[in-house]
Every structure is written in structure tokens, then in C-alpha cells.
Amino acid sequence: MTKYTNADELKSLTLGQKTEYKHTYEPELLQAVPRSLNRDDLALGDELPFVGCDVWTLYELSWLNQNGLPQVAVGEVALPATSPNLVESKSFKLYLNSFNQTKFTSWDEVKETLVKDLSACAGETVKVDVFPVQRYSQQPIVDMQGECIDDQDIIIDDYEFNAAYLESSTSDAEIEETLHSHLLKSNCLITNQPDWGSVEIQYKGKKIDREKLLRYLISFRQHNEFHEQCVERIYTDIMKYCAPESLTVFARYTRRGGLDINPFRSSHLLAPKDNLRLARQ
């Protein structure tokens, strides 16, 4: 349980509550969560130790054209890590559902509406793309880059979050490598529902012990935080205990409510090169 679970800013969220689905456009459905809740807990100041974004894929995006003919699309959203707020995912789903019976004059109007509303919620300009479904018909399913660290012959008997697994986890050998794990699992901060993800860690610096890194990632298994907060915690813990020269942490979470969230945090990169889904997405 995190220190801010009972924060006042979380009490008004529709997440975890029975809600009515709206079918006509209602931007007020979007709800913001201050990023400061998690960042204060991590003792991060105004100068963030990372850049990056939250990449969302919108698989259930539909509206009516001026003739009343339904349109369907896949949307991609990039929410800057520097924005004061993240967008709460259930409210995002409810907001997108409000497009379903709403007429828009063009696809451009849909995109402009998404940019306007999401930017207002996040507190910073959000990048949005709206694509025809056909664009995704040939999109490959990919694996994460680098070596997978999951197939280790180790015994795990503790599933409580513990950043100390990363203590004394580096050797003197200097290396630049990319590792990934599909064993990332945490729980929703509000509902306790499981969140399933894969995480890619690219770093340059002293070599990180793979067993200790895997034990650390598995320790999120009973941990309650939003996707974005977990990734920022992973980034700051690796920086604290391993002190790499450069670091990028990219997690891709499985889809829920027609949305997947893919937080990306880096010492030097603003966004991932591609938004390509994994097998579980």
C-alpha cells in the first residue's frame, strides 16, 4: 500500500464506483490524477530525473459522421511525462464512449477534440493521432528488445515490494545492454485489480545483476500503484541503487477497457521509436 492511497485527490474518481455510460460527447468525464502524489513519495523535486511520455493506444474509438454513419478508428496518444497530471484510465474510457453517438464533421475534428480535452486534463499539450483500422491490419506483433531475464532457476518466496533487492546489484564491469521481463505485475491503486505488463530496461553503466533485478521486478506483484507510477518507481530505484550513465525504462501493459498504457521514462529520449504491440496486447 502506498503512502498516498487515501489522498483526497483520489476520493472523487469514478474508478471503483458504479457509473452510467454516456453516449454523447461529454468532456467533463475526464479525470486527472496529480503526478505529484507519486513523485512526492519518491522525493522528486521540480527538476525531474527523467523525460518521456505515456503512450496510450485507443482500440475502441467510434463516432458518427454527418450522415449518421458510424466511424471506427485506432487512436494513439502521447502524454508528456512533464505534464502535471496523468489521465485516469476509467474516466478516459467513459470519455471515449461519449463519442459513440456524437456527430463530427470530420476525422480532423475528432483529433482536434481529443487534443483539446486531453491537454486540458493533463495540463500540458498532448499529441494525438487517429488512424483507420486498415493501418493496423499489417502491424506486426513484436517482442521487447534485448535479452529476457525471466528464465532463471531461482526460488521466490517473498512478493512484497522491496527496492532493496537492487542494493549491491552492480559489478565493476562496464556495459551497455537491454534487458526485458514479462513478469511485471502490480495492482490498481484504487480497485486492487491486477495490472499485467512487460518491461524493457536499457542502460549504460556498471553491469546489473540479473537475478537481483528480476527479484526486484517480481516484488511489484502485490504493489498498488498506477502503471505510470510503477514505471517511475522502477526508473528512480535503478538510478538510486545502480547509478547508470544512461537509462530508459519502457513498460507495455495489457489492454483494459479498450485502452493500453505504455509508460516510457528515459534519461535522454523523449519517446519510444515505435508503438508496436506485444503478444499479450
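Glycine is no exception: its Cβ is also placed from the backbone N, Cα and C atoms.
As written in Swiss-Prot, here are the features:
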BINDING   VAL87, GLU88, SER89, HIS227, GLU228  substrate binding site
BINDING   SER89, LYS90, ARG256, GLY257  NADPH binding site
ACT_SITE  CYS188  active site, thioimide intermediate
ACT_SITE  ASP195  active site, proton donor
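For the substrate site, whose binding residues are given in the record as VAL87, GLU88, SER89, HIS227, GLU228, the maximum C-alpha distance rounds to 11 Å. Ranking the recorded positions VAL87, CYS188 by how many other Cβ atoms lie within 10 angstroms of each Cβ puts CYS188 at the bottom.
A Cα-Cα distance of 11 Å separates the residue listed as 'active site, thioimide intermediate' from SER89 (substrate binding site). A gap of 12 Å separates the Cα atoms of ARG256 (NADPH binding site) and HIS227 (substrate binding site).
Considering only the recorded positions LYS90, ASP195, GLY257, the residue whose Cα is spatially closest to the Cα of HIS227 (substrate binding site) is ASP195. Largest CA to CA distance in the NADPH binding set (SER89, LYS90, ARG256, GLY257): 9 Å, whole number.
Using the Cβ center of VAL87, GLU88, SER89, HIS227, GLU228 for substrate, the list of other same-chain residues with Cβ within 8 Å runs, in sequence order, VAL33, ASP54, LEU86, PHE92, PHE226, ILE261. In this structure, VAL87 (substrate binding site) is part of a beta strand by DSSP. Secondary structure at ARG256 (NADPH binding site), taken from DSSP and collapsed to helix, strand or coil, is strand. The most densely surrounded of the recorded positions ASP195, GLU228, judged by C-beta neighbours within 10 angstroms, is GLU228. The DSSP secondary structure for CYS188 (active site, thioimide intermediate) is coil.
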